[in-house]
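As given in TrEMBL:
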type	residues	note
BINDING	Arg10, His11, Gly12, Glu13, Thr14, Arg15, Tyr16, Asn17, Arg61, Glu89, Arg90, Lys91, Tyr92	substrate binding site
ACT_SITE	His11	active site, tele-phosphohistidine intermediate
ACT_SITE	Glu89	active site, proton donor/acceptor
Amino acid sequence: MVRFGLTVVRHGETRYNKDKILQGQGVDEPLSATGFRQADAAGVFLSNVKFTHVFSSDLLRAKQTATAILGKNKFCRDLEIKYDARLRERKYGVAEGRPLADLKAMAKDAGEQCPSFTPSGGETLDEVRERARDFFEFLCQLAVGLEQKDPGGSSRSSGTPKEQFVFPWTDHCSEGEPSSEGSGSSKILDANILVVSHGAYMRNWIGYLVSDLNCTLPANLTKSHLSSVSPNTGISHFVVKLENGNLSKPEITCVCLNQDSHLVDVGAECVASKVF
C-alpha cells in the first residue's frame with residue numbers, strides 16, 4: 001500500500017486580486033503586503049508539518065507564497081521548491097489584465113457563462129483539467145517510486161516522530177485525519193507533499209479528483225463549496241492511497257477543503273478575497 005499526504009495551498013493576495021482583475025498566466029504580479037501576511041500565516045499554520053516535497057507554480061505570486069510557507073516551517077526550511085508550469089493558473093487570453101466584470105460581459109455576449117466560457121487565446125476547462133490530471137499522476141508515480149526504493153519505510157521513519165508526517169487537522173477541521181488509529185497516532189506516509197497553485201486551477205483539479213477519481217469528501221461539504229474558488233492561501237488536505245502501487249485506481253480522501261482559519265488574525269478582508 002502506497003500512501004501519501006497532499007496539501008494544496010492557493011497563493012497569497014496580489015493587488016490585482018484585491019481589485020478583481022484577472023491575472024491568469026500573462027500578468028505576473030507579486031504578492032501585496034496583505035498577501036505576504038497571509039502566506040506567513042499559512043506557514044505558521046503548517047509549521048509543524050514535515051513535508052518531503054514542495055512543488056509550486058512558476059508564477060511569482062505562487063513562488064513567493066511557497067517560500068514564505070517554508071520559511072516558517074520547523075522541519076524543512078531548506079527543502080528545495082520545485083517549480084512546475086503544470087501548476088500555473090488558467091490562461092485567460094485577451095481577458096488577462098482586465099476586470100473580472102469584462103470576462104463576465106464577454107461570456108454574456110457569447111451566450112455563455114463563467115467559468116465555462118473561454119475567451120480568445122485562453123484555455124478551456126478541459127485543457128486545465130488535463131494539466132491537473134497529468135500533474136496528479138506524476139505525484140502518484142513519485143510516491144510509488146519512493147515506496148519501491150524503501151519498502152519498509154525505514155528511512156522515512158528513522159528518528160522522526162510520526163506526527164511530523166500528518167498535520168493534526170482535527171484542530172482546525174470538522175473531520176480528523178481519516179487513517180488515524182484509536183491511539184491517535186497516524187500511519188507513516190510514503191510522501192507528504194505541499195503544492196502551491198492558483199484559484200481557478202485548484203477548483204478544476206479538485207473537480208477532477210471528485211468527479212473522475214471519486215474522491216471522498218467531508219460530510220459537511222456542499223456543492224457550493226466545491227464550485228467556489230479558494231480564498232487566498234486557503235488550504236486543502238488530501239490523503240491518497242494506491243493499493244499495490246496501482247496508479248489507475250487511487251483512493252482519495254479529502255480531509256479539509258479551502259480552510260482559512262489561519263486568516264482570522266490577518267484581517268477580515270483576507271478571508272473574503274476569493275477572486276481568481
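Just so you know, glycine gets a Cβ as well, placed from its N, Cα and C.
Overlay of TrEMBL feature records on the structure.
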residue	record	CB count, 10 Å
Arg10	substrate binding site	32
His11	active site, tele-phosphohistidine intermediate	33
Gly12	substrate binding site	31
Thr14	substrate binding site	23
Tyr16	substrate binding site	19
Arg61	substrate binding site	29
Glu89	active site, proton donor/acceptor	27
Arg90	substrate binding site	24
Tyr92	substrate binding site	26
- For substrate, with binding residues Arg10, His11, Gly12, Glu13, Thr14, Arg15, Tyr16, Asn17, Arg61, Glu89, Arg90, Lys91, Tyr92 per the record, max Cα distance (Å, no decimals) returned as 20
- Item | Gly12 (substrate binding site) to the residue listed as 'active site, proton donor/acceptor' - Cα separation in whole Å | 13
- Query: Restricting the comparison to the recorded positions Arg61, Glu89, Arg90, Tyr92, which residue's C-alpha is spatially nearest the C-alpha of the residue listed as 'active site, tele-phosphohistidine intermediate'?
  - Reply: Arg61
